[in-house]
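Working notes for the structure below.
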Ligand SMILES: CSC[C@H]1O[C@@H](n2cnc3c(O)ncnc32)[C@H](O)[C@@H]1O
Ligand SMILES: [Zn+2]
């Protein structure tokens, strides 16, 4: 057994306590072997002056959209998608998508994310990046049928299901998949139903955007006389492994239904603020027993993939929405960005305990903006930045040591992404 000892730091335990301990990792199994004083390993990762915590889980993103960071800002969702994003996405090549995924994964490793859920195109290329970079992911090809005839719509569905069934378990089990219809208004009813049936037949989750804006809720209510979550349930979309992104405009009956079905919600506070979509009822969802994770959404509506930023946004906007400063407190956002996110997207990780997946990060605490350190959980929610992450470990492998990413060539990734992004935008104009 090859072991890795993360030494001389403090450790964030699943119950929120912070202890002074070492963490011993079985690097072959990719699991945490022990937590305690004076542990020795074949290899050492120095955590002195730092906090060892679970790797963050970005529970909803479109990682290749890093290529479109800053391309179209300051518009609401519908106009942003239809006028800017979808036209430029028409020009994307598979190589572009791979280059954007490399950039996004690089950014996530450098800001402490070890697992993510991703919906996009050319997902075989995204899977290849996940495999090489050493992270964990739940991936799915986005299925959209709007503007397509039934044959094209079926082809989209077939592509999505083929990707999901081929790649589930790839990269030594680090890749998980899902069937991912884009949303309740961009996928026709029969395809949505088939997507849900096929997901169930293959024992795969369904992931989709839902209740993101009022203009997505209103047509369902006016055409069908029911709320979107009831419509989704009737199509078979909800279930204990399903997870939906955004969930901004949810009424009490919808929250109760999500809780009953065990369907998780991924809160994307920055994207929801930037596109002025609204504020998700995170406090009410959690009180109802719904599992909530946190996602950045794509970098074009955020505009970064830093989960620490997202935790801060979630806490701040949660208080504003509830008009209650005690709503969405620091321990809740840390839980949502770690174990909550892992549970929402159905991947291992999110906990520093013996037997858990060795997905962890070391956050450097010796900085002016983290001094004094009265409460480290408070710091994680409100003060730590992605750039404070010193080491990133996933599945027992060191992906970043002393801020040097070991699995990707950072300079080459940035150069390639910058070049393909410029060509992409030129083609679109
Ligand atoms: C079909 S692949 C995914 C698809 O989703 C688009 N997208 C990015 N951000 C959002 C969002 O906030 N709501 C809905 N759709 C979004 C992305 O550009 C791809 O076209
Ligand atoms: Zn999205």
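Residue 1 is the first one shown; counting continues down the chain.
For all residues, glycine too, the Cβ spot is worked out from N, Cα and C.
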Further binder of Zn(2+) named by TrEMBL next to 60, 62, 297, taken from the candidates 150, 209, 379, 391: 209
Fewest other Cβ within 10 angstroms of its own Cβ, chosen from the binding-site residues 89, 297: 89
Residue pair residue 182 (substrate binding site), residue 60 (Zn(2+) binding site) - Cα distance, angstrom, rounded: 12
Candidates near ligand 2 among the binding-site residues 89, 182, 212, 297, judged by a Cβ under 6 angstroms: 297
Distant-in-sequence Cβ neighbours of residue 209 (Zn(2+) binding site), under 8 Å, six or more positions away: 182, 183, 216, 244, 245, 246
Per-residue pLDDT averaged over the domain 'Amidohydrolase-related' (51-398), given as an integer: 98
